[in-house]
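This report refers to the structure that appears directly beneath it.
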Amino acid sequence: MIEKTRFIPDGKKELKKLPIINYTDSKYLYYPVTSSRCADGETCVRGGQFVKVGEVIGTRKGAFFEQPMHATVSGEVVGTEKHMDQSGKSVDCLIVKNDFKYELHKTIKDRTDEEINALTKEDFVSIVREKSLVGLGGSAFPTYIKLSTKDKIDVVVANGVECEPNLISDYALMLTNPKAIIEGLIYAMKASGAKKGIIAIKKKYKEIDERLSFELREYSDYDIEVVKIGNFYPQGWEILTIKNALGIKIPQGELLSKYGVLNFNVSTLASIFAAVKHNLPVLERYISLSGDGITNQNFRARIGTLMTELVESVGGYKDIEIPKVLILGGPMMGVNVSQDDIVMTHTTTSLIVQNQVDLHEEPCIHCASCVYSCPVGIQPVQIMNAYKTRDKDMIKHLGINKCIECGLCSFVCPSKIHLTETMRKAKRFASK
Amino acid sequence: MQTIKQTSPYVRKDVSTKRMMIDVLIALTPVVMFSIYRFGMDSLIRILVSLVVMVGLEAIAFGMMHKPVKSDDFKERFKSRYKDFTINNITAPAVSAIIFAMLLPSKLPIYAVVAGAGFGIIVAKMLFGGMGSNIFNIAAAGRIFIGLALADMFTGTYDGVDLIAGGTALTAIRTGAGFPYTLNSYPLIDMFLGNIPGSMGEISALAILIGMIYLLIRKSADFRVIVSSLATFTLLIFVAGLKLYPEQVVEYTLFHLLSGGILFGAVFMITDPVTSPTSRPGRWIYGILVGSIVVLIRLFGAYPEGVAFALIFSNMFVPLIDYPQWATNKYKPAFFIGTSVAILALVAIVFFGVGGIA
Ligand code: SF4
Ligand code: SF4
């Protein structure tokens, strides 16, 4: 109890055993015109128009970049409707009625190996940009920006740690399609000029290690290595992954590329592969429903699918008389949403439905567990006290900006104090 | 279906303050059992009195400190005062009560028990704001209060050696025959098992160690303070022994470790999280502070027993150790240099200081 906590019950064991159901044939698919990173957006198709798989149907506009939107089915555009996006906000969504033919758009053509070999860094960047690839680990940060770095890159890290409990998307991908990840990694290495590639996975995933190592034998020309790192949380946080996989300590707030490192989530790399090789945008993702309030199930579902359909397909919620907490993402850092009327986007990999538990906050007993457990080495309890007195300078002095909102401090507190939320408030307060 | 708003994280570790308190209670059982075995009803009655006073007064004070809702119905007002009253408002004072009782001589008059327990819970705890807000260790505060207010009771002028607080064997070393001879009346093995006079809970090192092991396995106490206070204590006493009784320095060190309240204090009192600093370096410093003050009081001070004093004194330094401007959870070079210098200085003080006494 009074200790550094690094392990959280990971809830993946049961999920991993479940089969993965294909849910790729929805009748209607929805495409949010804006996202949390892109406040603006416009569509370039009209109602009644027919679109094909991979066709550009609009553009989302962020502060300094634009992202094309792609259709993931072929069919007719039938209008717009409001649904929730990943961040829990209600947004306009373009609706495409699936014609179940899945005709590919004419731009969707495979590149030959020769063509790929001839690609320059700029070509890679522009492909990734056109296909609107983003960090699929959850950051949704545009991949092309990362890839177009001017710094000299020595090593590309494929991050397959997925340290949040209840997520199995990366795991399933590594098991079912390791080739795509490896090829994607090679493309990323080519694009960035890195000589070395690392695939970082959790130590306990022996099956993944075997699978990847087996595949890697075919790629002996490349210097790619599987590195097994610890099982603890938040091991997938890039700074920790890199420290443990490469031994490079990168101070918080610095760009990884300055230290010659690029870090991609394994799913992102697989999407780079699909974009470069097949000229495809991201069409599907693995997604799981978990938690004690719903029948647990894994899916392979098309981007644009409405979450409500997935929930219905498993028979709806269990014990509906008990109030529920709906979470998009993992239980440590996921986003709370008020309903399941959510459109699946690139970064939607999990919906957790938890029955309500009453938590009673007790006074802090100075046990210091939160201090011991904080992965960035700040002192949550002190920040909480400074926030109570609204001492802005002290909050800053205590390093609030280092907080990655990993949730560990709330997780460990024996008095059930919601420290992480206080950290968020203090952060907002200090930056005002 | 109703959905609820929450913010991340949505899972919590299976730990609780309640569980921690209960762990301390469990860890105290061997000590309590032993004291009842040794002192029978005397012990049981004092433990019960202390429990009733502390738990009862906390409940009353709690009610008075919480504003009731406006209502004509007395019952409703009463209920609303106790809306936030939880099991921790029972377990926490229970822990303090038992620790306090364990610090007492078995024949201490009951009204003194009541006075000490009352002072501890009301002045040292509730007046500071109740659970989690107290600055001073509650049991130690209560013990010192009666030690000062009712000083006569502890000086041994009443009847027989059993009345004397904690440091009976310690008293012997200072006023009686002197060190090597005290071992004749108090062989080390008896001191380890608890076959000596002294405060109810402090005499059996064995019972205390069993409790300690339990606490450490459950991680309900921080090993850092236990290790640093005991290590500091042992080192400094060893140094004093080197100077005073070079032939029997090991016996001397063991004698000191097993006598008085240092073991009990290190396991059950210094580990009290509420009155400890909240960082790893801070906890080490705190342990060193308590350990060395106990030694200084024993060697140079007027009181044969100093754990409670050392603790209260160190409690005053906690805000300083924890002062956010410099407190950090990282082990920085300054920490290592600072503690090394402090320990060397203490060693020097003890080594040259005890010369005068010998
Ligand atoms: S949420 Fe912030 S303060 Fe809390 S443990 Fe994580 S990084 Fe540390
Ligand atoms: S906030 Fe919670 S975890 Fe942190 S010191 Fe207080 S009781 Fe312990």
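Here the Cβ of each residue, glycine as well, is placed from N, Cα and C on the backbone.
Annotations in TrEMBL come from automatic prediction, not curation.
Site annotation (TrEMBL): [4Fe-4S] cluster 1 is bound by A:C364, A:C367, A:C370, and the candidate from A:C403, A:C406, A:C413 recorded at this site is A:C413. Contact annotation for chain B: of the listed binding-site residues (A:C364, A:C367, A:C403, A:C409), A:C364, A:C367 place their CB atoms under 8 A from a CB atom of that chain.
Among the binding-site residues A:C403, A:C406, A:C413, the residues whose Cβ sits under 6 Å from any atom of ligand 2 are A:C413. Listed in sequence order, the binding-site residues near A:C409 ([4Fe-4S] cluster 2 binding site) (C-alpha within 10 Å of its C-alpha) are A:C370, out of A:C364, A:C367, A:C370. Among the binding-site residues A:C367, A:C374, A:C403, A:C413, residues whose Cβ is positioned under 6 Å from ligand 1 are identified as A:C374, A:C403.
Candidate binding-site residues: A:C374, A:C403, A:C406. Nearest to A:C367 ([4Fe-4S] cluster 1 binding site) by Cα distance: A:C374.
Considering other CB atoms within 10 Å as the measure, the emptiest surroundings among the binding-site residues A:C374, A:C409 are those of A:C374.
A distance of 12 Å separates the Cα atom of A:C403 ([4Fe-4S] cluster 2 binding site) from that of A:C370 ([4Fe-4S] cluster 1 binding site). Non-local neighbourhood of A:C413 ([4Fe-4S] cluster 1 binding site): A:C364, A:S369, A:C370, A:L419, each in the same chain, at least six residues away, with C-beta under 8 Å from its C-beta. The 10 Å shell around the Cβ of A:C370 ([4Fe-4S] cluster 1 binding site) contains 30 further Cβ atoms across the protein chains shown. Taking the centroid of the Cβ atoms of A:C364, A:C367, A:C370, A:C413 as the [4Fe-4S] cluster 1 site, the other same-chain residues with Cβ within 8 Å of it are A:I365, A:H366, A:A368, A:S369, A:P380, A:V381, A:C409, A:V412, A:P414, A:S415, A:I417, A:L419.
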